Amino acid sequence: MAYMCTDSGNLMAIAQQVIKQKQQQEQQQQQHHQDHQIFGINPLSLNPWPNTSLGFGLSGSAFPDPFQVTGGGDSNDPGFPFPNLDHHHATTTGGGFRLSDFGGGTGGGEFESDEWMETLISGGDSVADGPDCDTWHDNPDYVIYGPDPFDTYPSRLSVQPSDLNRVIDTSSPLPPPTLWPPSSPLSIPPLTHESPTKEDPETNDSEDDDFDLEPPLLKAIYDCARISDSDPNEASKTLLQIRESVSELGDPTERVAFYFTEALSNRLSPNSPATSSSSSSTEDLILSYKTLNDACPYSKFAHLTANQAILEATEKSNKIHIVDFGIVQGIQWPALLQALATRTSGKPTQIRVSGIPAPSLGESPEPSLIATGNRLRDFAKVLDLNFDFIPILTPIHLLNGSSFRVDPDEVLAVNFMLQLYKLLDETPTIVDTALRLAKSLNPRVVTLGEYEVSLNRVGFANRVKNALQFYSAVFESLEPNLGRDSEERVRVERELFGRRISGLIGPEKTGIHRERMEEKEQWRVLMENAGFESVKLSNYAVSQAKILLWNYNYSNLYSIVESKPGFISLAWNDLPLLTLSSWR
């Protein structure tokens with residue numbers, strides 16, 4: 001369903017249309033359920049291609065949204081608080097994205113991200129198995145919180161094979177890495193050896209003795225972290241006492257305390273055996289992401305908002321080139337392709353995606369990039385789009401302007417979706433190099449998505465404090481749709497968040513990458529130092545993000561928060577967790 005209006009006074013008509021469609025969806029779901037009962041159909045037998053005429057990746061009625069709004073309401077329902085729909089973008093770009101493009105609708109011919117994941121489930125062993133292709137660790141496409149692996153959905157582990165085996169074809173040889181001579185000289189702005197940031201907030205390694213985090217259980221963990229280096233014996237004794245009050249099956253506070261206690265214990269006793277599993281199957285990881293994606297709006301918010309910025313920046317362009325830093329499975333792009341295929345100004349004559357593999361793909365990313373390119377090409381073919389996917393196999397630290405083919409008549413977009421934080425270190429040199437490379441390509445728009453928490457330029461105790469606040473909100477946000485007795489929730493928390501918590505406060509070992517994240521203010525400094533200026537997201541993009549929360553009937557504790565110069569954050573209980581921005 002398209003949320004678009006030709007004049008700002010039509011919001012009530014939109015609301016009426018929404019209510020009417022939802023009533024129709026309820027009737028369809030009831031009939032669908034009756035059919036299952038009559039014919040003995042197993043609703044958990046997943047068939048990604050319910051309507052063969054639609055091709056793969058296009059949703060039919062067999063995939064109703066598990067969290068769609070129920071109940072009706074009259075036409076005077078005041079609960080549609082989106083007065084800022086941007087008339088320009090609604091009429092020029094075709095209204096942006098349909099919420100169904102992100103799994104919120106059941107109409108035929110629309111991209112369903114869950115189907116995309118389910119196709120990976122059926123054919124995942126052809127893409128991402130093996131020790132050299134750890135696709136799901138630190139995966140920006142499949143993980144909204146911590147790109148660590150997760151494990152869930154026992155009832156769906158037995159899935160039927162699908163036609164994805166013909167889509168993911170790793171038998172075709174990978175073309176050798178191509179170095180394209182740039183159409184015009186591309187020079188990367190030189191790195192300066194002076195202070196890498198302007199207005200750089202001062203790093204404060206002193207610990208906050210007045211930390212007042214509630215409840216007391218989390219304060220006790222923070223106090224333990226403060227003395228973990230100076231008095232490890234006392235810290236260990238304190239952890240033993242804390243263990244009596246924590247549980248991975250308790251309330252959100254008890255659960256987050258459980259994982260922090262485990263991580264601190266491992267830090268104090270690095271030779272002790274790990275208490276959680278060290279590996280998960282590819283299928284489990286995909287299913288776990290699906291659980292998180294169904295229950296929480298993080299992935300949908302990030303992709304929807306970034307794609308809208310790209311759609312608006314390229315609204316009249318015939319040739320579009322997207323450079324994606326850190327692509328894995330490409331889940332972000334089908335919805336954008338569908339929006340481009342249906343825009344009112346007509347289809348682009350050419351769309352190209354240059355995919356730079358995420359570090360999580362390991363030293364041999366070729367099979368995953370081939371599979372991603374095949375899926376996207378076949379999806380674009382269904383939409384009758386002239387599409388090409390170019391794998392960029394050069395390591396990110398060796399990339400330069402000649403690594404990309406940039407035609408002079410192309411409009412270029414650069415996408416950093418939950419990727420740059422992986423390049424953070426004690427100094428911002430690597431991040432600065434990547435940003436200056438992006439700037440040298442002269443993009444029309446750069447989209448940046450990052451987690452909203454400071455875990456980099458702070459001392460250990462403050463890192464624990466910030467992480468406690470962040471993950472307390474994350475664990476609470478799972479509760480509305482993943483209940484206290486949910487096995488799926490336990491596995492997502494253990495395999496995803498537990499691993500990430502361990503990575504940010506666990507043992508300091510050589511060769512282990514420390515989890516580092518930064519808040520939006522530091523990203524602003526880094527972007528501006530590289531020569532970018534902020535582009536405020538349109539009123540339509542902001543309203544669309546709010547509609548996303550409303551459409552899926554997520555908890556009212558989720559909110560969209562705007563901040564200067566052009567940031568938009570998804571928050572839980574007023575605490576920003578994930579921030580998107582647009583630059584040029």
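Each residue, glycine too, has its Cβ placed from N, Cα and C.
Quantities reported herein were computed from a predicted structural model and do not represent experimental measurements.
Features reported for this protein in Swiss-Prot:
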REGION    166-213  region 'Disordered'
COMPBIAS  173-188  compositional bias 'Pro residues'
REGION    289-355  region 'VHIID'
MOTIF     320-324  motif 'VHIID'
REGION    371-403  region 'Leucine repeat II (LRII)'
REGION    412-503  region 'PFYRE'
MOTIF     420-424  motif 'LXXLL motif'
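Per-residue confidence over the region 'PFYRE' (412-503) averages out at a pLDDT of 92. Taken through DSSP, the region 'PFYRE' (412-503) splits into 52 helix, 13 strand, 27 coil. Helix, strand and coil content of the region 'Leucine repeat II (LRII)' (371-403), in residues and according to DSSP, is 18 helix, 5 strand, 10 coil. For the region 'VHIID' (289-355), residue counts in helix, strand and coil come to 32 helix, 15 strand, 20 coil, using DSSP.
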